[in-house]
């Protein structure tokens with residue numbers, strides 16, 4: 001009689017694997033927990049080659065961690081997803097997911113089946129989103145530009161630029177409004193990637209500036225070229241204008257030494273003809289990602305055109321999109337002939353080389369197809385400038401979301417406290433097993449105001465109790481429903497009306513983080529078996545099919 005089927009690996013099942021997963025998730029959440037909120041602390045991460053990153057952006061911290069545990073990887077990917085989808089709320093989504101898992105694990109230990117917990121969580125998430133949309137949203141039309149500035153300031157409050165929040169919030173709002181365009185369906189769009197952020201260390205934060213136009217960190221190819229061109233016609237080339245050399249391996253047999261000179265002459269004429277074709281269309285600004293030989297620069301100087309070499313491909317794409325140009329990787333058409341047409345050119349009102357701060361930059365102003373904006377950041381050192389860039393990215397995304405969806409919710413733990421009270425009452429109305437799961441979901445949400453208070457060195461138990469009392473009153477007593485805007489004031493350590501204080505977050509940040517955290521918790525909760533296969537051993541003679549063939553083990 002044969003023995004049972006053996007699995008070549010380590011297998012853990014049931015409660016052991018669930019506890020393991022919950023512990024892994026909790027340890028990831030504990031890493032980012034202290035960086036949460038307006039008084040959160042920063043993390044210093046050093047990679048294997050010694051590069052240092054100082055940040056308190058949840059997505060960046062988790063991206064730089066090398067995590068082995070599969071359940072912990074789910075949370076790292078969750079933060080990355082929140083960053084890509086919304087741009088802000090990356091730390092809170094991880095903290096909520098870990099807390100949901102911890103409380104679900106407690107229920108499972110009390111012999112409640114994971115399926116009941118999962119269906120309870122799904123129901124609670126659905127109800128929470130409905131409650132936010134019906135009761136907690138504030139329409140931005142009634143608040144105007146102030147609402148955008150306050151949302152940006154709320155996003156920046158936990159970051160390195162929070163101290164100059166007013167200055168940067170106005171800059172961010174102006175930048176997002178500058179890149180606005182209307183798509184084919186008539187919807188306004190705000191492509192945040194069109195805001196070019198350049199960093200130059202030196203000076204203070206407050207000397208950072210917003211520039212109307214797209215800034216390139218390049219200079220003109222030759223001193224003899226004009227530094228300013230009005231009514232620019234821009235050619236975007238993704239190849240170098242250097243002397244054409246024959247490919248490696250090409251052999252030419254020559255009988256007459258004069259032919260060698262002709263070959264060399266032809267090599268230089270090919271590039272000369274390309275340049276003449278480009279200039280013949282009226283192009284007066286040529287941007288290329290490659291190099292331009294000095295001997296060819298004279299043709300541009302003679303034509304009075306501005307040629308810029310070594311432009312970053314990312315920048316070239318943005319310039320092409322903004323000016324309406326086509327990026328060409330070759331001049332050859334389908335027939336193999338080299339042509340360049342006027343339709344391939346982009347247009348801008350002005351291209352100028354200016355000295356801004358301590359650097360020479362090329363500014364492309366008032367492009368034809370779309371408007372663009374650039375922000376130049378100043379800071380004490382590279383670490384600071386990098387962190388400022390991450391902070392601005394979050395703020396830009398927040399302003400974009402507020403403009404697109406035209407609604408915000410109060411910050412400072414107000415939404416979580418309101419949902420916690422509502423879901424607790426909702427749970428008692430449920431007559432099924434889901435009641436316990438919904439109650440745990442409600443309790444899990446309090447981790448947000450709790451963590452905010454702990455990080456601000458306040459008495460979290462006292463503050464959260466007061467906050468819950470206000471929200472309970474708002475939901476029980478219709479006359480006092482304005483208390484639903486009450487959130488935490490972490491500087492003075494007391495509850496306050498966050499609608500009046502101007503602490504706003506985009507609705508989508510809260511809704512998405514709830515949905516993503518619930519889905520991530522459910523994904524990990526469903527796992528009840530973990531099989532880790534052993535790596536194939538090197539000294540196993542018959543480990544692979546090839547080895548078996550060579551050793552003759554397969555011969556009859």
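Glycine is treated like the rest: Cβ placed from N, Cα and C.
Under the heading ATP binding site, Swiss-Prot lists 37, 89, 90, 91. Mapped onto three states, the DSSP output places residue 37 (ATP binding site) in coil.
Look at Swiss-Prot and you will find 37, 89, 90, 91, 92, 158, 159, 412, 505 tagged as ADP binding site, backed by similarity to another entry. Within the same chain, residues at least six positions away from residue 90 (ATP binding site) with a Cβ under 8 Å of its Cβ are 57, 58, 59, 62, 79, 82, 83.
Close to residue 88 (Mg(2+) binding site) in the fold, though at least 6 residues off in sequence, lie 155, 394, 397, 398, 505, 506, 509, each with a CB less than 8 Å from its CB. Annotation source Swiss-Prot lists Mg(2+) binding site at 88, citing similarity to another entry.
As annotated by Swiss-Prot, N-acetylmethionine applies to 1, with the evidence given as experimental evidence.
Look at Swiss-Prot and you will find 6 (among others) tagged as phosphoserine, backed by similarity to another entry.
Taken from Swiss-Prot, the feature phosphotyrosine applies to 181, supported by similarity to another entry. Every protein chain shown contributes to the tally, and the Cβ of residue 181 (phosphotyrosine) ends up with 14 other Cβ atoms within 10 Å.
Residue 199 (N6-acetyllysine) falls within a strand when secondary structure is assigned with DSSP. Look at Swiss-Prot and you will find 199 (among others) tagged as N6-acetyllysine, backed by similarity to another entry.
The N6-acetyllysine feature in Swiss-Prot is assigned to 400 (among others); the stated evidence is a large-scale study or a structure entry. In the three-state DSSP scheme, residue 400 (N6-acetyllysine) falls into the helix class.
If you look up Swiss-Prot, you'll see 494 (among others) marked as N6-acetyllysine. In the shown protein chains, 13 other C-beta atoms lie within 10 A of the C-beta of residue 494 (N6-acetyllysine). Secondary structure at residue 494 (N6-acetyllysine), taken from DSSP and collapsed to helix, strand or coil, is strand.
The annotation phosphoserine is assigned in Swiss-Prot to 544 (among others).
If you look up Swiss-Prot, you'll see 551 (among others) marked as phosphoserine.
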### Query
For residue 91 (ATP binding site) and residue 199 (N6-acetyllysine), what Cα-Cα distance in Å is obtained after rounding to a whole number?
25
### Query
What is the maximum Cα to Cα distance, in Å and rounded to a whole number, among the residues 37, 89, 90, 91, 92, 158, 159, 412, 505 annotated as binding ADP?
16
### Task
Could you measure between residue 37 (ATP binding site) and residue 159 (ADP binding site) for me? Cα positions, answer in whole angstrom.
9
### Task
Would you mind reading off the Cα separation of residue 494 (N6-acetyllysine) from residue 92 (ADP binding site), to the nearest angstrom?
21
### Task
Determine, to the nearest whole angstrom, how far the Cα atom of residue 199 (N6-acetyllysine) is from the Cα atom of residue 92 (ADP binding site).
28
